[in-house]
Amino acid sequence: MDLISTFLLHFLLLACSLPPGAVSLRTALRKSGKVGPPLDIKLGALNCTAFSIQWKTPKRSGSSIVGYTVFYSELGSDKSLREQSHNVPVGQDTLITEEVIGDLKPGTEYRVSIAAYSQTGKGRLSFPRHVTTLSQDSCLPPEAPHQPHVLVVSDSEVALSWRPGENEGSAPIQSYSVEFIRPDFDKSWTIIQERLQMDSMVIKGLDPDTNYQFAVRAMNAYGFSLRSQPSNTIRTLGPGEAGSGRYGPGYITDTGVSEDDDASEDELDLDVSFEEVKPLPATKVGNKKSKKTSVSNSEMDSRLAQPTSASLPETTVAVPPTPAQRKGKNSVAVMSRLFDMSCDETLCSADSFCVNDYAWGGSRCHCNLGKGGEACSEDIFIQYPQFFGHSYVTFEPLKNSYQAFQITLEFRAEAEDGLLLYCGESEHGRGDFMSLALIRRSLHFRFNCGTGMAIIISETKIKLGAWHSVTLYRDGLNGLLQLNNGTPVTGQSQGQYSKITFRTPLYLGGAPSAYWLVRATGTNRGFQGCVQSLAVNGKKIDMRPWPLGKALNGADVGECSSGICDEASCINGGTCAAIKADSYICLCPLGFRGRHCEDAFTLTIPQFRESLRSYAATPWPLEPQHYLSFTEFEITFRPDSGDGVLLYSYDTSSKDFLSIIMAAGHVEFRFDCGSGTGVLRSEDTLTLGQWHDLRVSRTAKNGILQVDKQKVVEGMAEGGFTQIKCNTDIFIGGVPNYDDVKKNSGILHPFSGSIQKIILNDRTIHVRHDFTSGVNVENAAHPCVGAPCAHGGSCRPRKEGYECDCPLGFEGLNCQKAITEAIEIPQFIGRSYLTYDNPNILKRVSGSRSNAFMRFKTTAKDGLLLWRGDSPMRPNSDFISLGLRDGALVFSYNLGSGVASIMVNGSFSDGRWHRVKAVRDGQSGKITVDDYGARTGKSPGMMRQLNINGALYVGGMKEIALRTNRQYMRGLVGCISHFTLSTDYHISLVEDAVDGKNINTCGAK
């Protein structure tokens, strides 16, 4: 033990032996009354403007702690800035304290200390610690959402949907806020709802006949985004327009059917409200406006028109039956739960709502549209809705139907009674309305124009569990019902009024106020079963929830096709998809077909079928910048239907797209450079089942369309933008997802028919090699599918017929005949060519000098004699060529700094032999033809060498327009002999060729 240690030990022993009145060592070793610093201090950055700090109470404090102060200062580059403080009160029995310090600078380092306070004053500061807030890049708010889409529902309501921006920022999006402006009246935006948890809503209580725009902001943990691009200006319907009027709270709060209720829902002056796209809110008991009345059967019957059917009007007001069990993984929940109390006292789970049950008493909780399960927590994809007796789906009110309408419905019932359709002037059947209901397995079509009801009853009853189709038609007072294409039943309403006012939603499968509709519709039961299709006035209604479909809201709805794919066995990479409520197809990848994709085959000429959801995809051959300003497609196709998409591509991050579609028998070419859509439409309709040639092109924002020999159609896209960038594949015959297509593309259905040729900017898209993906593409009925060309020949479709391109050594319609004699003088047919890659030949068609001589004869004014150039050709690529253009003989070359073209005019397409000699020495060139004398020329710039890596072609070449940059569109139609290079290097045209197509002996047939 050293000297110091010995001294301290003796000092401690002395201190312990002091009497009580003496000063203790503990007091002597510290300042009197000072509280120690907090313990176990922990610092952490919360975000870019705040940090958190946590500590424990100091040990052995002489007096009770009354509070703390956090001292913090920003550390600059050279010195610390002014110190700031934050006081923290002490909670009861708090051993650990945690606090957040905010309003700080992003990405900044702070020095932090803490001191405790007691009754005796400030304690000792803790040892300083450092913490740095997160950088600004780590705390970004979201990007603005995409421009919202608005659907006008009535004179006071619109449905709004939007997609989030491309970047959600540094944290997930938590909610949205919605704003509106009336451009004709307002100068600033008004927020109508904040912290919305979804991306589609219905706005109620708007002013009728008024212009509106809407915008959306997204919010995450770091703040709000910028305002989205405002929606297109929309105008709410006028009070007198068909389909006008409010639905929702304005109707559902009136629970009675009193005839003396003078309050008019149309006169409600509601404030703007913002609601989720979900079923109508709860019907409340005891509404002071309502008064239940009783109407006798005789009173009701006296108000009905006599139907043509002998059946008397029937009314079903029995106890609602137990709904059919929901089947499949998407529809698990049973009948909505019944409670003994009213909705005022019932608490429903999230994604559900309450409706009072007047038939049973009490109330029921119903799942919102798209939700299911015991707690309405399961997502249900609805395409073919299934109803359970208490279900319904709502669509916008019938429009343009006040005088006449036609509705077609395909359904399968599981119970004898139930309401299928209802739309009217009020939610409770008062005034004008139309309805379709099942009553004891008979269909009842009822409508009232305001002065008396018509009841039209089907003559035959439906079969439970079987599919049925029913068509309703009304024109003025007259109505018609047709079941399963049977004999129509007609009827007529009473009185003089012939128009129907439709203000409520169109209800399918039931209605929230079905209990009160019994007098009008004849039943208080909801439908039980499935609906496969619904069409109004000739337009098929997409029954999926909005915004994908037209269903605005609903209650307790399942999916009829749920589980249909559970037992499916799609092989070879096929996937199952429901195509009807009770049937499926396998989406087979390219090269497979059959019910389960069991058959492998080679795709030759694609056949597309709308019923099989066919499509194929191919990437753009070159990068997008090659197609920004010019795009041209040539397509040969045979349509089997008047509607469908032929070709489509688009840009995912802008409005750019181009589409070629069939629409009502016409061909339409649509494109958008980002500032407006151009639509070009063929003048005449196309004959179905026949082959047609189509050419469309776009230069900047100008478009051209020509079908067969119809008049050329020209048009222009709107706006000032002139380029189109497409970053997706080219989709042919259909698209994978019709919900993702651009709004103005016109794409609604897959194409039904065949496509045998697609050429993009002179480049052929080959089915076998270039198609990279697709589903359910089969072979068309065409001779080329049977591979008729023998000995390696390739089949070239020519509408209904074909041509064979035969390899060297074979000839005949199907290349079936071998050429046994040597070909001294080859004959070319316009799609022929000979190829040479011998270095001794190629070096004589490159470098600083070139000399070529040949004899030829032809009957065509255009055709290529000789070509050598880079492949692929680029701007200012080196090349050398000799050929006929519009009757003139042209010698051209480019040494890298510009093209030289030396031309000799003459009658060279006379079918006689002609001699031509083309000589180049550096930049200078000369061509001599027969006795016409020499023509000379010189290439521009400084380049003197011909630098080429490609092969030499004689008489033509593959993809001639593409490879020559459209200098030549076809090969020679004629013969060539005596081909000599460098004055003395004689080439045996056929024997020296490494490849060739369609070569025969000159003069042979």
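Note: Cβ is positioned from N, Cα and C throughout, glycine not excepted.
Sequence annotations record features per position, and here Swiss-Prot assigns disulfide bond to CYS343-CYS354 (among others) based on similarity to another entry. The Cβ of CYS354 (disulfide bond) has 23 other Cβ atoms within 10 Å, all protein chains considered. Under DSSP, CYS354 (disulfide bond) is assigned to a strand (E or B) in the three-state scheme.
According to Swiss-Prot, the disulfide bond annotation covers CYS348-CYS365 (among others), on the basis of similarity to another entry. Annotation for CYS348 (disulfide bond): spatial neighbours CYS354, CYS365, criterion Cβ-Cβ under 8 Å with sequence separation of six or more.
What Swiss-Prot lists as disulfide bond is CYS367-CYS376 (among others), and the listing cites similarity to another entry. Every protein chain considered, the tally of other Cβ atoms within 10 Å of the Cβ of CYS367 (disulfide bond) stands at 29. DSSP assigns CYS367 (disulfide bond) to a strand segment in the three-state reduction.
Under 8 Å, Cβ to Cβ, and six or more positions away along its own chain, CYS530 (disulfide bond) finds TYR384, PRO385, GLN386, PHE387, PHE411, ARG412, CYS560, ALA581, ASP582. Annotated disulfide bond per Swiss-Prot: CYS530-CYS560 (among others), in sequence order, evidence recorded as similarity to another entry.
If you look up Swiss-Prot, you'll see CYS565-CYS576 (among others) marked as disulfide bond, on the strength of similarity to another entry. In the three-state DSSP scheme, CYS576 (disulfide bond) is classed as strand. Cβ-based neighbour count (10 Å, all protein chains) for CYS576 (disulfide bond) stands at 16.
The disulfide bond feature in Swiss-Prot is assigned to CYS570-CYS586 (among others). Secondary structure from DSSP puts CYS570 (disulfide bond) in coil.
Feature annotation from Swiss-Prot assigns disulfide bond to CYS588-CYS597 (among others). In the three-state DSSP scheme, CYS597 (disulfide bond) is classed as coil. Neighbours of CYS597 (disulfide bond), defined as other CB atoms within 10 A of its CB across all chains, total 22.
A 10 Å cutoff on Cβ-Cβ distances gives CYS795 (disulfide bond) a total of 21 other Cβ atoms nearby, all chains included. In this structure, CYS795 (disulfide bond) is part of a beta strand by DSSP. Residues annotated as disulfide bond in Swiss-Prot: CYS784-CYS795 (among others).
Feature annotation from Swiss-Prot assigns disulfide bond to CYS789-CYS804 (among others). Other Cβ atoms within 10 Å of the Cβ of CYS804 (disulfide bond) number 23 in total over all chains.
Residues or ranges marked as disulfide bond by Swiss-Prot: CYS806-CYS815 (among others). Annotation for CYS806 (disulfide bond): same-chain Cβ neighbours under 8 Å, separated by at least 6 residues, are CYS789, HIS791, GLY793, GLY812, CYS815, LYS997, ASN998.
Listed in sequence order, ILE825, PRO826, GLN827, PHE828, PHE856, LYS857, THR858, CYS1002, GLY1003 are the same-chain residues at least 6 apart in sequence whose CB falls under 8 Å from the CB of CYS975 (disulfide bond). In the three-state DSSP scheme, CYS975 (disulfide bond) is classed as strand. The feature disulfide bond is assigned by Swiss-Prot to CYS975-CYS1002 (among others), with similarity to another entry given as support.
The feature domain 'Fibronectin type-III 1' is assigned by Swiss-Prot to 37-136.
Sorting each residue of the domain 'Fibronectin type-III 2' (144-239) by its DSSP state yields 0 helix, 41 strand, 55 coil. Taken from Swiss-Prot, the feature domain 'Fibronectin type-III 2' applies to 144-239, supported by sequence analysis.
Swiss-Prot lists 339-377 with the feature domain 'EGF-like 1'.
Among the features that Swiss-Prot reports, domain 'EGF-like 2' is placed at 561-598, with the record citing sequence analysis.
Model confidence over the domain 'Laminin G-like 3' (823-1002) is summarised by a mean pLDDT of 94. The feature domain 'Laminin G-like 3' is assigned by Swiss-Prot to 823-1002.
Within 10 Å (C-alpha to C-alpha) of CYS804 (disulfide bond) lies none of the disulfide-bonded residues CYS343, CYS367, CYS376, CYS586, CYS588.
According to DSSP, CYS804 (disulfide bond) sits within a strand segment.
Of all the disulfide-bonded residues given, namely CYS560, CYS789, the one with the smallest number of surrounding CB atoms inside 10 A is CYS789. Inclusion criterion for the disulfide-bonded residues CYS367, CYS570, CYS576: a C-alpha placed within 10 angstroms of the C-alpha of CYS588 (disulfide bond); this criterion is met by CYS570, CYS576. With helix defined as DSSP H, G or I and strand as E or B, the domain 'Fibronectin type-III 1' (37-136) counts 1 helix, 53 strand, 46 coil. Reported as a whole number, the C-alpha separation between CYS376 (disulfide bond) and CYS565 (disulfide bond) equals 23 Å. The disulfide-bonded residues examined here are CYS365, CYS1002; by Cβ neighbour count within 10 Å, the least packed of them is CYS1002.
Of all the disulfide-bonded residues listed here (CYS565, CYS586, CYS588, CYS784, CYS815), the one with the fewest other CB atoms within 10 A of its own CB is CYS565. According to its DSSP assignment, CYS784 (disulfide bond) is helical.
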